[in-house]
Each structure stands twice: as structure tokens, then as C-alpha cells.
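Peer 1: Sharing a structure, written as C-alpha cells. Questions coming.
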Ligand code: S5P
């Protein structure tokens, strides 16, 4: 660091301390952990001169970024004004990530102009575990925007560099917490006892990269065919599905989201020869009967496809067990595959497994969603991937938007697919089959209205099937 940079950093640290952006004492963090240091840079918006200085130092740090980028994006909310200052001063386009929850209709997840494949530089104020950066990265990725670098003003030095590195992101920081403490100790703002306290806190409270959390790049995926992958499986349901996919040359699942059983049966009889699986939402069927299930099972046999009930079990273990096995639907008696959100903990999977395992059923874990503003975080996705990898006797893969595991025996099924990229008016977002399979490296597309609302369901299903299967074949070359 040059002399001027040292002077600037020192002055900035003292000013941040002065305005209580950095505080020492006894604080309870969001996580419930007691910490001797508290950093909250939201306060800088009340000191415009300081805000400009912070943004200038962030910009200087960005000079070390080697990759080219088209735009910058501040992690909401504190870094938004910082990114704005940089954008205005340096004349570099900015993107805004919406942080609101779902339900905002057509409002986009990312505001601003961008093209598929653009690289975007992330701006952040403080980094602890890197999870906020990853949330923004994930939102950008959903829109086809790449991220290779992030700039942070203050790295708390608790492991964010390694966590982000595992996700292919280089973190550049203006300063680290140890440097901040040195400056404050030298300036007699804090004593050596406090410095020691913070140092041991940082040592104990470290975040380490978890295994297999990184969405794999398609070029890193082992180029194994469905047949080869099927041979590696010990889970009989996964093996069966790989077999059907290869035999029917179809990695297409149709989502039969109709409310009348007759509509479902008619659809399934038409598209059955072209799909590897039919997905149902059995609780939307208004005239449900055992006879309907019998006919559905007959169709499954006739056209050789599996049945996937998209119930997304998410309650405590005891409840999901009853939902899966009992009620009027008796899902476990007919559905080959079900899915679950593991939001409520390990009990969901344990309970479903108690019922499903001995019936040789399979389960998909919802690791990512297609809807805008969904609240799944990068940590949640990573924990879900770990759970899947530890329960491969019952879990056959994921409902996801990106390839999440490089384990060839786990399947990646992606909903939110239409022949044209777009969205509906209730937050559903669509990617094309090529994007999902070749660019993102997933295995299977799930298509609902793209087929069900078409005037010619058979030929439309064929078009989806060919487009997804060709994309898979291209990956093998
Ligand atoms: O993230 C998800 C997960 C699922 S399973 N997004 C989804 O859209 N789904 C389901 O896929 C959804 O419940 C619906 O049945 C189907 C997509 O339907 P489409 O009409 O939008 O293609």
C-alpha cells in the first residue's frame, strides 16, 4: 500500500469510529452470537463527504479486478448508495437488486439494463461470511448475469474470502478488521485488551466453505451419459429414471396442472410417449377419486413414465408423515417421487423416508426456486445439497435452477421453463430449455403451461423434448 493510501485508510477508520460506524463493547449479533465489535456502516449516508470518500476507496480497490465487467451492483441496502456514487462518478452502469419478498407481480428481481452473460462487479460495505454477497450473486445469476469479483470496504476476516472463492468469486477489500484495530489502538481509541478480545473472537467465529455448495459450471460437469450415470446409482428410483430418460430420449417432465381429472388423463395420454415423468398437484384436482389414480397408473405403465407428486412437504416430521401416507390422497401408494422443502429441519426427510424407503420411492429436495423474490438463500441451498448427498438412499436429486452437486447420481430438475425466456404476472420466471440444460448444466426440464396451454400439446411436447434432449446430447460431445 502506498503512503497516501495508508493515510486515507487511517483517516477513514478514525472517521468511521467517530460516527459510530465501528463500535466496541458487548453486542448480540443477528445470529445470537455475542460479539465485542459491531460494525454498521448504514450511518455513512448521514455524512455525505464520508460516503463519497468510502465510495472512492472502493473504486480504487476495484482497480485490482482483472476481469472485465459491464456494470456494478451494490448489495442491498447499505452498499446501494455507495454503488450509486461510484456509478455516477465513474460513469459505469449500475444494476439494482430488489430485496423485497415475492408477490410483486411483474416487478423484476434485477433493475437496469443487462444482456445474457454480462459480468457484474459486486459492491459491499462489510463482509462476514460472504452470504449477503452470495444472495446478490444468486439473484444476478437467475437473470443470466455472471459475477467474478466483489469489492468490500471492510472484511471482518471471518472467512468470507474462502467462502466466496469456493463460489468462483474473488473478494477485494479496502481494509480488514485487524488493520482497523491496529489503527484504533495506535490512535488510543481502544486498548490492547479490547484488541485481544476481538482477535480471539475472530479466531473462534470463522466461516469455512462447506463442501459441494458451488453451482458447478457446465464445463466442469463430468460428461457422463444418463445410462452411465444410471449404472453408478444404488438408488433404484434414480436408476429407473435414468433408464427411462435414455430409452425414451426424453428429459422432459410435464406438469399436469389441471383441476379436472379428465383433463389430466387426456393430456397425459397425448404427451405420455414424450415425457419421462408426469408431475401432479393432486390437491388441485376437484373430482379426485381412486378411479382417477387407477387410470393414471395405467397410463404410466402404458407410456412408461414415472409419477411425481409435487406436494413440497415442509411441516414437522409427524405431520408430513401423515400428509404423505394418509388423508384422501394416500400419495405414498401411487406417487413414485415426491419432493420436500427442508426448511423445518431434518425431521421432514426422516419422516418421509420412514414411509417412502421401504416402498422404494424417491424424493427430490427443493434447493432453489424459479419464482422472483423467493427467500431461499445460498446457505439454505448449500445445506440442502449436503442433506441430499447424505441421504442418497431416498433422495434422488433436486428441484433447482442451477447445477448444485457434481455427484453424477443426483438429478437436477428445473421448473420455470418455456421456449421463450420471460415471466408470468405472478412472479414465475422462465428460462429456455437450452439455458437450463447446456448453460446451467441441469438434467431435466419441468414444463407446465408451456405445454398445457398450447393448442397442439403433442407437437409442443415434442418440441420441448427435442430441445432439452439435444442440449443434453451437446454436453456429451
Ligand atoms: O421453483 C419451482 C418449483 C416447482 S416444483 N417453480 C415451479 O414453478 N415449480 C412447479 O413447476 C410449479 O408448482 C408448477 O407446477 C410448475 C411450473 O409450471 P409452469 O406452468 O410455470 O411451467
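Backbone N, Cα and C atoms are what each Cβ position is placed from, and that goes for glycine too.
Automatic prediction, not curation, is the source of TrEMBL annotations.
Not measured: the values here are computed from a predicted model.
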Peer 1: From 231, 279, 392, grab the residue that TrEMBL records in the same substrate site as 257, 370, 428, 448, 449.
Peer 2: 279
Peer 1: Relative to the Cβ position of residue 370 (substrate binding site), how many further Cβ atoms are located within 10 Å?
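Peer 2: The answer is 20.
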Peer 1: To the nearest whole angstrom, what is the C-alpha distance linking residue 257 (substrate binding site) and residue 312 (active site, for OMPdecase activity)?
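Peer 2: Computed Cα spacing between residue 257 (substrate binding site) and residue 312 (active site, for OMPdecase activity) is 15 Å.
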Peer 1: If you count Cβ atoms within 10 Å of each one, which of the recorded positions 257, 310, 315 comes out on top?
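Peer 2: Neighbour-count leader: 310.
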Peer 1: Kindly point out which of the recorded positions 310, 312, 315, 428, 449 have a C-beta less than 6 Å from some atom of ligand 1.
Peer 2: 310, 428, 449
Peer 1: Tell me which residues of the chain lie with their Cβ under 8 angstroms from that of residue 428 (substrate binding site), as long as they are six or more apart in sequence?
Peer 2: 370, 371, 372, 416
Peer 1: Any idea what the Cα distance is from residue 315 (active site, for OMPdecase activity) over to residue 449 (substrate binding site), rounded to a whole Å?
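Peer 2: Just about 28 Å between their Cα atoms.
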